[in-house]
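Student: When I checked Swiss-Prot for this same protein, it listed these features:
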- Asn21, Leu23, Gly48, Glu69, Asp94, Asn115: S-adenosyl-L-methionine binding site (BINDING)
Amino acid sequence: MNTKEIVNKYEFKFNKNLGQNFLIDESVLEDIIEGAEINKEDTVIEIGPGVGTLTKELLERAKEVYSIELDGDLIPILQEELKEYNNFTLIHKDALKIDFNRLMENKDSIKLVANLPYYVTTPIISRLLTEKCDFKSLTIMIQKEVAERINAEPNCKEYGSLTVLVQYYCDTKIIRKVSPNCFIPRPKVDSIVIKLDRLSEPRVRVKSEKLFFNVVRSSFNMRRKTLWNSLKSLNINKESMENAFERAGIDSKRRGETLSIEEFGKLSDCIYDIL
């Protein structure tokens, strides 16, 4: 059965508070599966399985699938619809409260697939990356504007701290755009399926990741300010900061949105050296 048929079969009522929008376009499901490149060696962690339409396809292709679902009304539906699969584990929990490192212990070739309410997208991505979770890739449906921020380049308005965070840890690839007409109920925004492939090493080597991300966040907190003014929040004396900019070869009058990840790395290392 397709998504609409399962929803009607169980007379499922959508929970607006959970931001539920279920994918009904089968071509999008196929593109997610193809883009995620799932095979029989993979353990898949699915966040937000809905009524299990995509989950079935994952179960057919993967070694095992762990699906995380918050809505208690969906649990019996998923249990019934997927009862024939012995490689399926259903976790009834808020994904924001999951210990992903524990869940991933002793598992090889972990790939994540997610179709999340958009309000939790950035927190989930940030946690998976900053907590050093051991996964190969994350294929996720997200709001178009967030995908554009993740996939942005310097010198554009979408480029910001989220861009740097994701691209520090991952290669990014947009798989396809998704119209609101592909969902029930119909959301008010366009969506994009994007894949994040985890790098074996961060894109740049830095002396302190904590300082690196502090510099990045400070540089974007007030986008129209120069780096010199933005980085005053680090509370470093004027002479030391002048020295750091000079050693990094970066003009302090530039704005954060003009710096590449490599330049952020160079600047943070030079600041680290003078602390």
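Yeah, the Cβs are placed from backbone N, Cα and C, and that goes for glycine too.
Situate these features within the shown structure.
Tutor: Counting only same-chain residues six or more apart in sequence, the Cβ atoms lying under 8 angstroms from the Cβ of Asn115 (S-adenosyl-L-methionine binding site) belong to Leu23, Ile47, Gly48, Gly50, Leu54, Ile140, Met141. DSSP assigns Asn115 (S-adenosyl-L-methionine binding site) to a strand in the three-state reduction.
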Student: Let me know the DSSP-derived helix, strand or coil state of Glu69 (S-adenosyl-L-methionine binding site), please.
Tutor: strand
Student: For Asp94 (S-adenosyl-L-methionine binding site), list the number of other Cβ atoms lying within 10 Å of its Cβ atom.
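Tutor: Here the count is 10.
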Student: So how far apart do the S-adenosyl-L-methionine binders Asn21, Leu23, Gly48, Glu69, Asp94, Asn115 get, largest Cα to Cα in Å?
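Tutor: Taking every pair among Asn21, Leu23, Gly48, Glu69, Asp94, Asn115, the longest Cα gap is 20 Å.
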